[in-house]
Amino acid sequence: MPDGLEALVFDLDGTLVETAADLHLVLEEILSEVGLAAPPLAAVRGMIGDGARVLIERALAMIGAPAEPVLVDRLFARFRERYAEEPCRASTPYPGARELLRTMRERGIRMGLCTNKPQAATEGLLAALDLAPFFASAIGGDRLPVRKPDPGHLAAVLADLGATPAAAVMVGDSRNDLLTARGLEVPCVLVSFGYTSVPARELGADAVIDRLADLPEALVRLRAGRAV
Ligand SMILES: O=C(O)COP(=O)(O)O
Ligand SMILES: [Mg+2]
């Protein structure tokens with residue numbers, strides 16, 4: 001492993017786990033409870049990354065339903081409830097995710113999760129996929145007063161890991177992840193296959209990878225200060 005790298009902090013949705021189908025299922029259920037139809041899965045993929053509340057607001061905007069605060073509050077509560085009940089009906093780790101986490105653990109790298117997904121669903125999903133043991137810290141979007149892109153979210157994960165920003169790298173899929181990392185001057189690697197309305201290569205990350213298996217090599221180049 002590159003000299004000085006002690007900790008990796010991962011985003012969850014769109015980076016380690018393909019979760020769009022489950023988010024879409026829950027969205028369909030809760031919207032049908034109030035007589036509304038969810039946007040198609042392909043559209044929902046572009047709405048993920050800012051937490052469940054923003055996902056609901058974006059879905060309502062797309063179907064032309066007014067985002068009345070009372071309605072959004074109710075849908076948000078139902079979303080958290082239903083998603084926590086069934087966080088993993090259709091979600092799967094991306095190819096190479098489990099192998100990567102194993103490799104990093106063998107190399108002594110401490111790992112954390114910094115996700116805007118609600119805490120209960122985050123923990124349920126990690127448990128269902130047997131990924132929880134890899135992470136010494138997993139902080140969801142509703143556990144702190146702040147969440148990504150606020151760097152305080154990442155700072156809390158690093159504090160749990162006992163790592164300084166200088167010894168860490170953030171791995172994500174969206175502008176939110178990049179902004180969060182930049183706020184602490186933590187280098188950021190983005191995957192190109194996740195959920196982002198702007199292609200990852202256009203966001204200005206320190207490195208962009210097309211497969212999780214490419215992360216170790218990207219980290220070596222990044223820590224050596226070479227272009228990736
Ligand atoms: O928007 C969400 O629910 C979660 O997204 P993230 O895991 O990419 O932060
Ligand atoms: Mg993401």
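Keep in mind that glycine also has a Cβ here, set from the backbone N, Cα and C atoms.
Binding of Mg(2+) is attributed by TrEMBL to Asp11, Asp13, and the same site annotation extends, among Asp173, Asp206, Asp210, Asp214, to Asp173. Cβ proximity to the Mg(2+) site centre (mean Cβ of Asp11, Asp13, Asp173, cutoff 8 Å) flags the following additional same-chain residues: Phe10, Leu12, Gly14, Thr15, Leu16, Ile48, Gly49, Thr115, Gly172, Ser174, Asp177, Val191, Gly194, Tyr195.
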